[in-house]
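Before any comments, here is the structure.
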Amino acid sequence: MAMPQNSTRENGFCFTQPLDFSCASPRPGEAGRPFGALSARDGCSTPLSNGTTSSGAASPCDSCAQPLCTPTPAEEEPPFEEGIKYVSADGEDLACGWGGFTPGCLQLCNTSKGVLFFLCVASFLQGMTVNGFINTVITSIERRFDLRSYQSGLIASSYDIAACVCLTFVSYFGGNGHKPRWLGWGVLVMGLGSLLFALPHFTTGQYEARSAAEVGVCGGNQSVPCSQAASSLSGYRFVFMLGQFLHGMGATPLYTLGVTYLDENVKTNYSPVYIAVFYTAAILGPAAGYLVGGMFLNIYTEIGREIDIAPENTLWVGAWWIGFLGAGAASLLISIPILGYPQRLPGSQRYIVMRVSEAHQLKDGSHQKASDPDFGKTVKDLPRSVLLLLKNPTFIFLCLAGATEATLIAGMSTFGPKFLESQFSLSASEAATFFGYLVVPAGGGGTFLGGFLVNKFKLRCSGIIKLCLFFTVFSLLAIFVFFIHCPNMPMAGVTQMYDGSALPGGQLNLTGACNAQCGCLQETYSPVCGTDGIMYYSPCHAGCKRMYENLKSGKKVYHECSCIDNTLLPGFGEAEAGKCTSSCGKKSLLLIFMFVVILFTFLSSIPALTATLRCVSDRQRSFALGIQWIVVRTLGGIPGPIAFGSMIDKSCLLWQDQCGEQGSCYVYQNSAMSRYTLVAGLVYKVLGTTFFIVACLLYKPPPAESAPGSSDPSENGTSDLQEQKPSLPAEEDI
């Protein structure tokens, strides 16, 4: 097999003929054997620094006319010298299958595209389950199993806790092991977690929801006594936490070993595209989870049983468990083909040959320790591996930049729908739908486009970091859109008095002369919009005495409302269930700039991940991703929603009253919410910009002569941003 010629002489190459990858004197029957099949018997194999084996010939620089591999006596150990890296597949089974069962039809999937497909399905299922179904059904689970908000928060956090616990172990040992097996077993564990999460539905009695046709009207208000608020069902939170813990354990290999497995088995310049497709599937998963999960919530949890309450009723519990059953079964099935993949794909040797090291160079040269083929195979090397990464300033600041971006993403994904709900006076389902329309094209498109741009312009590590910096600065400018806000809809007793006057001293007063005889309870929050354009806390607080259902809109309409003025009969107005519609003219502008912020935030995600992979040595890539995920989750993913939530809570006007205890916020002051969101966004965006600048300034690329096998003239300063690799043979499959 002939390789491309290089006549630049800049990287030590001075070939005037095609490279010959076969030994000069092959034994009979081996004349056409490629270099990848050479064994130690041939005298052409020497261990390389990355744990592979290398042809034992002298460096090509020693003689411009000598073949790359020359036979050496069996008893003579040729010295290792810098040169192109070679890999021997002798004795290694690269067939796709399970044990001895390797049918020929399976080999059609034994390609990088086949691996990408199955990993995309796995990441899609993970995103749909953890970031889609969980967020969609958490309210229904709280209602069904009598959970408080902090208890459901523990359920959600169990995923990140499990990931942080397992990341070091999985990325360190899995990175030096059989990656597809780690990935397959991880997806299987994730499937078991989904099935366990659905288990409480089948081990509890039927859910009994009382009819509430007249609940909430004046004189008919009812409430569950506080003594009955707690129940034994709350103990099932530990089952949910265990299910989430299994989700976290199973997903840990997916975003560390899965990424490095793709990176190792494709050309370097195609790696960002493959990783971008992989992460795009992970982003589309939550969108599907919201849509499918919302559809299941319109089905009553006790399937087949007739009930006289509608999904809009606060007592309704949907079929939250169906999605977890389906996702669990699908995860178990998809784990089977992943377990059948070999440790490396056939033909991946040629990509290792062409790989150019871009690892950050430490002043003391300690980064060369990772080149030892035995490095990282035992626990005793773990502290040294961590130390090498901590001494890499580019890696550290890329991790910190990733943490700041993760804080924004986690905060926006958690409170983005709440922001839209408050600003535009939407229902929770409408706000979630709007936010989904923003995230799917902006998040998914930004993720894929970021990887595409790295491949399109063939950026080197320093150029990739500069690209991340550009995207971060642009999103920093766009985040100033949060100076804009929509005014609050007027609400009786919250933003104004019942007679329209201002609240004295800004104190809430939900009771007025018009509803004093109704005996309204604050536990029942069911906002209605009066014909006077004012919102009321509930039909009872609007003084409504009767209710009927509008057959056209399907919404409940309350009449004989003493607090709502009627032009003909004062004190006999009407109100419709739900919030009043906002007529804010800034809605389109806010949505457009929120789209830009999300787009440019996700545009930097894959380039930053690619830069992380390239700034560390090959043998530390999986472990580096594991450490990065720990930093990102510990400093970003876990505290992000807490930080955003704490700032947004400061803008709350009306808190929920749960038997004397403060619950969630019902009504926010829109101007304060926008102001606090702007402050939080600016702080994290400025930090991210700073970290990318420092990472770019401190990055020290390897000198040209230390990049074995490099045929890239840009390494010598011709281009700071681009790499110009020679094309591989035409038969290569990207």
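For all residues, glycine too, the Cβ spot is worked out from N, Cα and C.
Remember, predicted model here, so these are calculated numbers, not experimental data.
Summarising the annotation, TrEMBL assigns compositional bias 'Polar residues' to 708-725.
Here TrEMBL flags 115-698 as domain 'Major facilitator superfamily (MFS) profile'.
Confidence for the domain 'Kazal-like' (508-565), expressed as mean pLDDT, is 83. Residues annotated as domain 'Kazal-like' in TrEMBL: 508-565.
Sequence annotations record features per position, and here TrEMBL assigns region 'Disordered' to 704-734.
The annotation transmembrane segment is assigned in TrEMBL to 115-134 (among others). Long-range contacts of the transmembrane segment (115-134) within the same chain: residues 109, 155-156, 159, 180, 183, 187, 190, 194, 244, 247, 250-251, 254-255, 258, 261-262, 265, 274, 277-279, 281-290, 292-293, 320, 323-324, 327, 330-331, 334-335, 337-338, 341, 345, 413, each at least 6 residues beyond the stretch ends and with a Cβ under 8 Å from a Cβ of the stretch.
Panel annotation: around the transmembrane segment (154-175), residues 130, 134-135, 138, 141, 147, 182, 186, 237, 240-242, 244-249, 251-253, 256-257, 260, 376, 382, 385, 619-627, 629-630, 633-634, 637-638 of the same chain, lying at least six beyond its termini, place a Cβ under 8 Å from a Cβ of the stretch. The transmembrane segment feature in TrEMBL is assigned to 154-175 (among others).
TrEMBL lists 182-202 (among others) with the feature transmembrane segment. The list of residues near the transmembrane segment (182-202) in space but at least 6 beyond its ends in sequence, with Cβ under 8 angstroms from a Cβ of it, reads 119, 122, 125-126, 129, 145, 170, 174, 236, 239-240, 242-247, 249-254, 257-258, 261, 301, 320-322, 324-325, 327-332, 334-336, 338-341.
Through the fold, the transmembrane segment (238-262) approaches residues 112, 115-116, 119, 122-123, 126, 129-130, 134, 141, 154-156, 158-163, 165-167, 170-171, 174-175, 179-180, 182-183, 185-194, 196-197, 199-200, 271, 274-275, 278, 282, 324, 331, 609, 613, 621-622, 625-626, 629 of its own chain, all at least 6 residues removed from its boundaries and within a Cβ separation under 8 Å. The annotation transmembrane segment is assigned in TrEMBL to 238-262 (among others).
The transmembrane segment annotation in TrEMBL covers 274-300 (among others).
The transmembrane segment annotation in TrEMBL covers 320-341 (among others).
Residues 131, 360, 439, 465, 468, 472, 598, 601-602, 604-605, 608, 611-612, 615-616, 624, 627-628, 631-637, 639-641, 643-645, 680-681, 684-685, 687-688, 691-692, 694-695, 698-700 of the same chain, all 6+ positions outside the transmembrane segment (394-414), place their C-beta atoms under 8 angstroms from a C-beta of that stretch. Feature annotation from TrEMBL assigns transmembrane segment to 394-414 (among others).
TrEMBL lists 434-455 (among others) with the feature transmembrane segment.
Under the heading transmembrane segment, TrEMBL lists 467-485 (among others).
The transmembrane segment annotation in TrEMBL covers 589-611 (among others).
Annotated transmembrane segment per TrEMBL: 623-644 (among others), in sequence order.
If one looks beyond the transmembrane segment (676-699) by at least 6 residues along the same chain, the residues whose Cβ comes under 8 Å of a Cβ in the stretch are 360, 393-394, 397-398, 400-401, 404-405, 407-408, 411, 419, 461-462, 465-466, 468-469, 472-473, 475-476, 479-480, 482-483, 597, 611, 615, 643-644, 647-648, 650-651. For 676-699 (among others), the entry in TrEMBL reads transmembrane segment.
Between the transmembrane segment (589-611) and the listed ranges 274-300, 434-455, 467-485, 623-644, the one holding the most Cβ pairs under 8 Å is 434-455.
Spatially, the transmembrane segment (320-341) is adjacent to the transmembrane segment (274-300); three or more Cβ-Cβ distances between them are under 8 Å for residues at least 6 apart in sequence. Note on the domain 'Kazal-like' (508-565): DSSP counts are 0 helix, 15 strand, 43 coil.
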